[in-house]
Amino acid sequence: CLRDTGAAVLHSAGLRSRGAAAVRGPLSEPGAAVEVAGLRQDEAGEVAVLELRGRLRAGSRYVLQLGFQGRLEEDLDGLFFTRYTDRGRSSMLIASQMEPTYARRVYPCFDEPAMKATFNIRIIHDPSYVALSNMPAIDLSEVKDENGSLWTVTTFNTSLKMSTYLTAFVICDFDYVTRTERGNEIRIWARKEAIKNGYLDYALNITGPIFSFLEDILSVSYPLPKTDLVALPDFGAGGMENWGLMIFQEASLMNLPSDEFTSRKAMIALIVSHELGHQACEWFGNLVTMNWWNDLWLNEGLASYFEYLGATFVEPKLSLDKIFYAHVVQPVLREDSEIARSLSESEDRIKGSFSLMSLFDNITYSKGASITWMLSGFLTEKLFIRALTSYLKEFSFSNANQDDLWTHIQMVIDAQDEVQLPAPVKQIMDSWTCQNGFPVLTLNLTTGTVRQEQFLNKNNRKSTDSYNNTWIIPISWMRNGSSQPLTWLDKSSKMFPEMQVSESDYDWILLNVNLSGYYRVNYDQLNLKRLARLLENDPKAIPAVSRFQLIDDVFALTDFGYVPIETALELTKYLAREDELFIWNVVLLNLIPDNLESILKNHEVYPLLKKYLLKRMLPIYHYYAGFIRQNVDALEDDYFAQVYLEKLMATACWLGLQDCLDLSSELFTKWRDNPEYKIPFLIRRTVCCYGVALGSDKEWNFVWEMYNHTNSVEEDEDVLLYAMSCAKESWLLHRYLRYGLSDTLFSSNYTSVIISHVVTKDIGHRIAWEFVTENWTLLSQGYGHELLHDVLKVMGRFVKTDVQIQELQVFYNATLEEDEREAITMLLESAKLQNIERRKLLIKVASWLEKNVND
């Protein structure tokens with residue numbers, strides 16, 4: 001007890017007390033006790049208050065005894081149960097998920113990350129099940145209940161000091177595969193059929209090596225004698241780093257032994273490295289925990305950084321930097337400019353567990369990892385790891401916040417003289433973690449001036465808004481192909497004489513080489529012209545990640561009103577010489593976003609796009625089509641082919657490339673003639689879709705039949721459901737939607753999937769809308785208003801006039817409550833404005849294409 005008190009307050013939510021509560025102590029007086037007056041549950045505050053008749057005295061120690069009970073739900077939070085099938089029989093298991101604040105739903109406790117304790121755990125369970133927890137079991141015994149039935153008692157060793165959110169329990173009837181690495185027994189538990197079929201062998205083979213890799217790089221050793229990984233058929237997160245008992249979604253760990261393709265393995269390697277990064281006593285997570293959830297990014301951002309190092313260690317064929325930029329940095333740069341929060345928020349801004357959950361987002365994970373990557377880049381990995389190691393040693397088994405980390409990095413910097421920083425580490429890093437958003441740098445080649453401003457959407461900003469955030473920015477750069485020493489921008493603008501260029505067209509500059517810093521770059525027209533010419537003559541003079549970033553930056557700058565669309569299009573002229581799929585992918589996402597395909601198809605820009613893009617796509621298309629026809633297995637190590645080839649292929653078919661349509665028909669027919677034949681999974685979605693689109697009801701009926709026969713994995717079902725919405729004949733789509741309503745043909749949760757597939761198709765959106773309005777009474781019982789909301793969102797893409805809005809309004813005014821009506825009207829109004837803006841943009845694109853289509 002720290003202060004005298006007449007009551008003890010613990011976290012407790014949804015629990016009922018059971019039996020009497022008692023307080024023994026002070027322990028210095030044998031047999032002493034404090035009488036309990038009552039236990040009051042405060043559900044809103046998620047606490048239980050133990051009212052006492054006496055007082056607890058500051059400085060004394062007491063023991064609190066509480067009986068409690070709670071309900072097991074199928075909700076995936078706290079302690080929950082799940083039903084699943086294994087070897088054709090239905091089974092059940094119990095598991096837990098405590099992060100961030102669900103431990104209080106399982107047992108009364110001090111549920112704060114900084115309040116670490118040791119835990120003694122004992123589980124009484126049915127003898128045919130096995131019980132797992134953070135620590136190894138040290139004793140199994142039997143006990144009879146009042147009916148004479150036998151139960152097993154599993155007692156676990158006392159845990160290390162840890163936070164409540166890392167405690168974990170699993171009670172299951174699973175099998176496991178195991179191996180020992182440096183004395184640490186690693187077991188992976190899963191459904192018996194999955195273990196028997198070898199689906200978890202890959203995960204087992206990489207877990208040990210990643211563990212050792214992380215231990216070596218950080219020179220620490222894993223403090224627990226065992227590690228269990230459990231693959232649950234149903235789990236809310238991808239993975240959870242409970243100490244010694246990690247829990248995963250089954251899909252995140254399973255790889256079919258027949259599947260040699262890197263992309264599945266890469267995903268498993270990334271998820272496993274991420275959770276092991278927490279385990280192996282990284283400073284983030286279990287050994288050293290953040291003081292409170294507002295520094296969650298320390299936990300997750302670092303785990304995300306090590307996730308990529310660990311995955312590349314076990315799968316050296318992965319090109320780490322490209323994958324990191326394509327999957328982590330680029331997507332979060334797109335998101336971060338729209339979000340009004342910084343990485344490290346103050347505790348006051350995060351009240352209540354609602355906003356706590358919202359911290360588990362891309363800003364925390366991806367921005368955290370991007371900034372760690374940048375930090376490791378300008379410190380050098382050697383110094384970064386050295387600082388982490390000393391930080392880990394000092395804070396193990398306790399709590400730290402970001403300032404403690406900055407202090408350790410500063411100590412390492414001060415002790416050497418190779419790396420010079422323009423400011424203290426804390427000042428540099430706070431500019432990235434405590435401010436919202438990120439900067440865009442603008443370079444003027446003639447004067448060599450670089451200035452920074454916050455990257456914000458100029459289109460919807462009043463000119464009076466002033467944002468004067470500045471960052472301390474590391475600039476890696478190259479001139480005419482040779483790398484220059486790292487330099488820094490530490491104020492709003494600065495002149496760099498070494499960045500002034502000559503009159504020569506061949507004198508060019510590239511900033512933020514390989515996206516090493518978390519920001520965008522805007523060049524003046526002069527440099528952009530030179531870069532565009534360079535790309536046309538010798539694209540490889542610019543590193544691949546920089547080409548990717550150049551294109552992504554210029555389209556983002558266009559979206560936000562910094563540069564005209566024509567500037568971005570100039571940089572696409574060279575694409576016939578671009579052989580990197582991940583760069584093509586970012587071009588296509590910008591030129592033909594998935595959600596606009598049906599709009600572009602009906603616009604005069606389509607034939608121009610077709611001519612301009614196909615001319616440039618042919619080389620890379622034929623390169624990959626060759627593999628698909630002759631030897632698709634040769635692509636098994638081409639990670640980007642597995643992730644991005646589908647989009648390239650779908651675009652080629654969408655643009656009407658005859659070879660692409662022929663290839664789809666060819667492969668589809670092969671499958672129709674022999675259902676055992678497997679269409680290469682890299683392009684299955686596209687082949688099935690165009691097989692149906694180019695065919696008649698015969699092709700459609702075949703897919704329908706295959707859908708009903710498949711006992712296969714979910715991804716197959718999804719491909720088939722999507723393919724059936726590709727039909728080009730209206731009556732087939734009408735029939736498909738009707739099938740979707742029938743309970744006998746579909747489990748109800750597929751109806752909305754079918755509608756959402758059909759509504760995005762160019763002939764489908766009217767058909768789906770009619771269908772929804774005609775069958776609304778039936779649909780609204782099954783789906784409530786969410787479905788209508790989703791359909792209206794898609795319909796919104798087609799709204800150009802008030803008359804069209806009114807037509808939609810007539811329907812939803814009759815069906816929705818008033819507050820929902822307002823929300824939808826606003827949604828459609830803003831959709832209309834977006835569509836008008838988009839049409840203006842498309843006119844510009846069309847006129848640029850007209851001038852350049854024959855180049």
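Glycine is treated like the rest: Cβ placed from N, Cα and C.
Under the heading domain 'Aminopeptidase N-like N-terminal', TrEMBL lists 34-166. Sequence annotations record features per position, and here TrEMBL assigns domain 'Peptidase M1 membrane alanine aminopeptidase' to 202-432. Per TrEMBL, Zn(2+) binding site is recorded for H274, H278, E300. Positions annotated as active site, proton acceptor by TrEMBL: E275. Sequence annotations record features per position, and here TrEMBL assigns site 'Transition state stabilizer' to Y365. TrEMBL lists 508-828 with the feature domain 'ERAP1-like C-terminal'.
Counting in whole angstrom, the residue listed as 'active site, proton acceptor' lies 13 from Y365 (site 'Transition state stabilizer') by their C-alpha atoms.
Per-residue pLDDT, averaged over the domain 'ERAP1-like C-terminal' (508-828), rounds to 89. Non-local neighbourhood of H274 (Zn(2+) binding site): G239, A303, S304, F306, E307, each in the same chain, at least six residues away, with C-beta under 8 Å from its C-beta. The two recorded residues Y365 (site 'Transition state stabilizer') and E300 (Zn(2+) binding site) have their Cα atoms spaced 5 Å from each other.
Neighbour density at the Cβ, taken as the number of other Cβ atoms within 10 Å, is lowest among the recorded positions E275, H278, E300, Y365 for Y365.
Taking H, G and I as helix, E and B as strand and the rest as coil, DSSP gives the domain 'Aminopeptidase N-like N-terminal' (34-166) the counts 6 helix, 68 strand, 59 coil.
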